[in-house]
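Asks: The structure is given below, and queries will be raised subsequently.
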Amino acid sequence: MQGMKKLFIETLGCAMNSRDSEHMIAELSEKEGYETTNDLSSADLIIINTCSVREKPVAKLFSELGVFNKRKKEGAKIGVCGCTASHLGEEIIKRAPYVSFVLGARNVSKISEVLHKERAVEIDINYDESEFAFNDFRTSPYKAYINISIGCDKSCTYCIVPKTRGEEISIPTELILREAQKAVKGGAKEIFLLGQNVNNYGRRFSGEHEKVSFSELLRRLSKIDALERIRFTSPHPFHMDDEFIEEFSSNPKICKSMHMPLQSGSSKVLKDMKRGYTKEWFLNRVQKLRAMSPDVSISTDIIVAFPGESDEDFEETLSIMREVKFDQIFSFKYSPRPETEAEHFTNIVDEDVASSRLTTLQNLAVNILDEKNKTHLGKIYRVYFEDLNQDYYASGRSDNNLLIKVKGSDELLGEFRDVKITDIGRTILSGEIVG
């Protein structure tokens with residue numbers, strides 16, 4: 001649109017940050033007349049939406065800010081949003097005085113307000129956005145990310161999220177259903193539900209609302225006629241009761257892909273982390289899940305070298321990896337975060353030992369993945385296509401979250417096709433359309 005102001009936004013971290021960025025784009029477009037651009041040097045407003053789960057993204061923030069400040073055009077504003085904004089607040093402006101405003105992860109709806117204030121810092125983690133009606137914007141016309149809760153009530157000793165996103169509040173069911181219906185009317189055939197602990201949905205609402213469990217929410221969403229697929233992240237192993245597993249397994253619209261954040265295979269370490277479950281509970285849930293849904297793919301998160309992790313504890317983690325054979329593993333060395341309980345733990349694992357353990361774990365993960373990928377060769381999967389690259393390969397995901405590409409055109413985008421796997425790679429499978 002002629003004369004519209006330009007917005008450049010970079011998003012770091014999780015899917016919830018991606019959805020927050022979509023919310024900010026919608027607000028700035030509707031209320032302030034901005035349109036997005038991929039050209040930083042032409043932008044009138046530059047936003048970096050940050051992550052603070054580990055130390056590395058925080059360090060990256062100030063590196064990126066320096067680059068942005070050098071490349072921005074005269075008069076352009078720079079804003080810092082998200083979890084690091086919530087955590088560091090005014091310190092960001094002290095360290096980078098060219099930053100125009102700082103907006104916390106719990107205050108996304110105030111983006112237009114802070115934009116017009118000089119060096120504004122808005123980081124109230126108790127601010128309630130659970131009933132705020134955001135204007136609609138989606139980066140993909142084929143899939144809709146939908147928040148079902150904000151914040152987190154867990155007290156994991158390593159995690160800073162409760163300090164940056166506040167207490168957990170469920171978004172009213174009627175708002176979620178309305179957003180899903182609107183997305184489907186707009187052409188989306190898949191919705192992706194977001195929350196820190198999605199299967200704890202319904203525990204607390206900010207107002208008087210019908211108490212609906214996560215399993216019941218899934219049932220209601222699946223009644224939307226043109227909606228074909230439902231995904232979600234992340235469920236907490238502690239809340240994986242039988243009702244949830246049964247609904248997941250029996251509901252044909254729910255994709256058979258589950259992210260189960262293990263964090264450690266040692267019950268002792270899990271207790272130190274205050275995860276709320278044991279190794280035995282986790283394995284029991286996996287066994288129940290696979291008994292009811294044999295083709296389910298299971299991904300996980302693992303932290304190595306948590307304070308006090310012994311060689312025996314680490315071996316227990318490797319053992320559970322061999323037993324479960326996760327389809328994907330996101331693994332990290334423990335990174336102490338400020339204002340967390342574990343920051344004060346003194347039994348720190350030696351850095352060389354930590355690095356060695358991470359390498360060992362990742363090598364095992366690759367071996368497991370390579371073996372599992374071989375089993376896909378020759379099989380047929382129903383793929384929902386969402387992307388087309390410049391070489392005219394269309395890619396999408398199967399029900400169990402395999403990333404699959406075929407030679408094709410934009411006519412495949414937003415469509416389902418049966419694909420026979422003809423070649424396997426570590427991160428993407430290749431195939432040909434059949435039928």
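Including glycine, each Cβ sits where the backbone N, Cα and C put it.
Pulled from Swiss-Prot, these are the listed features:
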type: DOMAIN; residues: 5-120; note: domain 'MTTase N-terminal'
type: BINDING; residues: Cys14, Cys51, Cys83; note: [4Fe-4S] cluster 1 binding site
type: DOMAIN; residues: 138-372; note: domain 'Radical SAM core'
type: BINDING; residues: Cys152, Cys156, Cys159; note: [4Fe-4S] cluster 2 binding site
type: DOMAIN; residues: 374-435; note: domain 'TRAM'
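Could you give the neighbours, burial and distances for every feature on this list?
Replies: Mapped onto DSSP helix, strand and coil, the domain 'MTTase N-terminal' (5-120) counts 58 helix, 27 strand, 31 coil.
Long-range neighbours of Cys83 ([4Fe-4S] cluster 1 binding site) (same chain, six or more residues apart, CB within less than 8 Å of its CB): Gly13, Asn17, Thr50, Cys51, Ser52, Val53, Ala105, Ile160, Val161, Thr164, Arg165.
Within the same chain, residues at least six positions away from Cys156 ([4Fe-4S] cluster 2 binding site) with a Cβ under 8 Å of its Cβ are Gln263, Met273, Lys274, Arg275. The DSSP secondary structure for Cys156 ([4Fe-4S] cluster 2 binding site) is coil.
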Asks: Could you name the residues, excluding Cys14, Cys51, Cys83, of the same chain that surround the [4Fe-4S] cluster 1 site, i.e. Cβ within 8 Å of the Cβ centre of those residues, in sequence order?
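Replies: Counting only non-site residues, the set is Leu12, Gly13, Met16, Asn17, Thr50, Ser52, Val53, Pro57, Gly82, Thr84, Ala105, Val161, Thr164.
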Asks: Among all chains shown, work out which of the binding-site residues Cys14, Cys159 has the most CB atoms within 10 A of its CB.
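Replies: Neighbour-count leader: Cys159.
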Asks: Cα distance, Cys14 ([4Fe-4S] cluster 1 binding site) to Cys159 ([4Fe-4S] cluster 2 binding site), nearest Å?
Replies: 14
Asks: Validating a neighbour-count step here. Other CB atoms within 10 A of the CB of Cys51 ([4Fe-4S] cluster 1 binding site): how many?
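Replies: For Cys51 ([4Fe-4S] cluster 1 binding site), the count of other Cβ atoms within 10 Å is 22.
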Asks: Other than Cys152, Cys156, Cys159, which residues of the same chain sit close to [4Fe-4S] cluster 2? List them in sequence order, counting a residue when its Cβ is within 8 Å of the Cβ centroid of the site.
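Replies: Checked against the 8 Å cutoff, the neighbours are Lys154, Ser155, Tyr158, Ile160, Val161, Pro162, Gln196.
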